[in-house]
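Per Swiss-Prot, the features are:
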type	residues	note
BINDING	Gly69, Arg74, Asp91, Val92, Thr93, Leu119, Gln120, Gln135	S-adenosyl-L-methionine binding site
MOD_RES	Met1	N-acetylmethionine
MOD_RES	Thr2	N-acetylthreonine
Amino acid sequence: MTSEVIEDEKQFYSKAKTYWKEVPATVDGMLGGYGHISSIDINSSRKFLQRFLREGQNKTGTSYALDCGAGIGRITKRLLLPLFGVVDMVDVTEDFLVKAKTYLGEEGKRVRNFFCCGLQDFSPEPQSYDVIWIQWVIGHLTDQHLAEFLRRCKRGLRPNGIIVIKDNMAQEGVILDDVDSSVCRALDVVHRIVRSAGLSLLAQERQENLPDEIYHVYSLALR
């Protein structure tokens with residue numbers, strides 16, 4: 001549990017905010033120096049997501065998506081805008097959202113809102129989104145705040161909507177990264193938080209073809 005590794009919650013959040021302010025507003029910056037894996041990541045995410053957009057009667061709509069921890073819009077640009085009519089972005093770092101407006105180019109006109117906010121304080125508009133995409137950011141929330149955020153996301157879904165978490169998973173327990181002030185949780189810990197938020201796991205997939213030295217990355221589709 002994060003309560004065992006985070007001594008000071010306020011400092012946990014403020015330190016992360018300070019860390020990201022110093023990160024370059026580039027794809028490489030967003031990916032911690034692993035910019036070269038961006039295409040591998042996006043292509044796998046697209047395949048994972050499309051199975052829900054293609055199904056019959058209960059298929060997920062393609063009108064509105066929300067990109068959480070969006071940074072400069074790497075995922076918005078390459079995954080969400082090509083598949084959805086309108087995208088909203090939320091990120092704690094204002095400079096990233098400013099950069100997004102040029103990085104996204106012409107298609108960026110279909111980004112409706114740029115919310116500058118930490119996810120612990122963010123509430124998606126109820127019944128507004130077909131897909132809420134949460135990638136490489138859950139480690140910046142405490143267990144309690146993550147569960148509460150997921151509950152708010154659940155309320156933010158349109159009929160047949162889904163939440164996707166894509167993130168690093170530890171082998172066991174919870175590991176604190178003191179550099180960027182984040183945690184990495186084991187898959188079973190994330191499952192427990194997901195259940196506590198009243199969500200069910202629809203699908204789960206491990207990301208392939210990533211460098212050996214980084215954590216295993218999993219995608220979880222939830223409703």
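Each residue's number is its place along the chain shown, starting with 1.
Glycine is no exception: its Cβ is also placed from the backbone N, Cα and C atoms.
Recorded features from Swiss-Prot, shown on the structure.
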residue : record                               : CB count, 10 Å
Met1    : N-acetylmethionine                   : 15
Thr2    : N-acetylthreonine                    : 20
Gly69   : S-adenosyl-L-methionine binding site : 25
Arg74   : S-adenosyl-L-methionine binding site : 25
Asp91   : S-adenosyl-L-methionine binding site : 26
Val92   : S-adenosyl-L-methionine binding site : 23
Thr93   : S-adenosyl-L-methionine binding site : 22
Leu119  : S-adenosyl-L-methionine binding site : 25
Gln120  : S-adenosyl-L-methionine binding site : 16
Gln135  : S-adenosyl-L-methionine binding site : 21
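For the pair Gly69 (S-adenosyl-L-methionine binding site) and Met1 (N-acetylmethionine), the C-alpha distance works out to 22 angstrom. Taking the Cα atom of each, Arg74 (S-adenosyl-L-methionine binding site) and the residue listed as 'N-acetylmethionine' are about 30 angstrom apart. For the recorded site, Leu119 (S-adenosyl-L-methionine binding site), the DSSP three-state label reads helix. For the pair formed by Gln120 (S-adenosyl-L-methionine binding site) and the residue listed as 'N-acetylthreonine', distance between Cα atoms is given as 14 Å, rounded to the nearest Å. In this structure, the C-alpha atom of Leu119 (S-adenosyl-L-methionine binding site) lies 16 angstrom from that of Thr2 (N-acetylthreonine).
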